[in-house]
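Listed in TrEMBL for this protein:
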BINDING   Gly46, Glu47, Ser48, Arg105, Ile134, Arg135  L-glutamine binding site
ACT_SITE  Cys78  active site, nucleophile
ACT_SITE  His170  active site, charge relay system
ACT_SITE  Glu172  active site, charge relay system
Amino acid sequence: MNVGVLSLQGGVIEHINHLKSLGCNAVEVKKISDLENIHGIILPGGESTVIGKLLKETNLLDPLKEKILRGFPVWGTCAGMILLAKEIENDENTYLSVMDIKVKRNAYGSQIDSFETEKVIEQVSPNPLPLIFIRAPYISSHSNDVKTICEIDGNMVAARQNNILATSFHPELSKNLEFHKYFLSMCNKSKE
Ligand code: GLN
């Protein structure tokens, strides 16, 4: 299976390595033609404002948005979640605007802006998963179509709306591959 990683800025290589560890052909997506022949795409962490600007400059924004609206599997981690959101609490811009979520950027303030915890997420794995947060957003509101995957301290930090998966944290920064496996199963189902 071929899975793309949006490769404009941010934590690209870690996702590519995880996909390769799972026997997947990881494709760097930098231009429109890279969107052909992939079965899903990961939007990495980084700076949402920078990645959003580059999405527009490379003309990737509209074709990617159309694909997602037609059911193409996508997973946004951290900044990637912000790119997917239809509303951003503390930013006037929106980017792909495909997921019915409102997100708060840098939601954890300066004191605990980066932290790590562990949690069992039953949809993904029976074992506790390491969750690494780096200047992370969380989901402050959402429509009924959006299903919770994980909450921490009452805040939604992972969610799914059909073909769209979003996590505030960074599974690619731990050795654990379970979240990538979960996304690959979404890609497999949509391929069939
Ligand atoms: N704080 C970043 C933003 O708002 C996201 C951080 C990350 O992706 N690790 O875009």
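From the backbone N, Cα and C atoms, a Cβ is placed for every residue, glycine too.
Automated prediction, rather than curation, is the source of TrEMBL annotations.
The residues near the L-glutamine site, meaning same-chain residues not in Gly46, Glu47, Ser48, Arg105, Ile134, Arg135 whose C-beta sits within 8 angstroms of the mean position of the site's C-beta atoms, are Gly10, Gly45, Cys78, Ala79, Ile82, Asn106, Ala136, Pro137, in sequence order. Fewest other C-beta atoms within 10 angstroms, among the recorded positions Glu47, Glu172, are seen around Glu47.
Contact annotation for recorded positions (Glu47, Ser48, Ile134, Arg135, Glu172) versus ligand 1: Glu47, Ser48, Ile134, Arg135, each with CB under 6 Å from a ligand atom.
The active-site residues recorded for this entry are Cys78, His170, Glu172, and the Cα of Cys78 lies nearest to that of Glu47 (L-glutamine binding site). Each of the recorded positions Arg105, Arg135, His170 was scored by the number of other CB atoms within 10 A of its CB, and the lowest score belongs to Arg135. Every protein chain shown contributes to the tally, and the Cβ of Ile134 (L-glutamine binding site) ends up with 18 other Cβ atoms within 10 Å. In the structure as shown, the Cβ atom of Gly46 (L-glutamine binding site) sits within 10 Å of 21 other Cβ atoms.
Those residues noted as binding L-glutamine (Gly46, Glu47, Ser48, Arg105, Ile134, Arg135) have their most widely separated CA atoms at a distance of 13 Å. Candidate active-site residues: Cys78, His170, Glu172. Nearest to Ser48 (L-glutamine binding site) by Cα distance: Cys78. Cβ neighbour count for Ser48 (L-glutamine binding site): 28 (other Cβ atoms within 10 Å of its Cβ, all protein chains included). Under 8 Å, Cβ to Cβ, and six or more positions away along its own chain, the residue listed as 'active site, nucleophile' finds Pro44, Gly45, Gly46, Ile134, Arg135, Ala136, Pro137, Thr167, Ser168, Phe169, His170.
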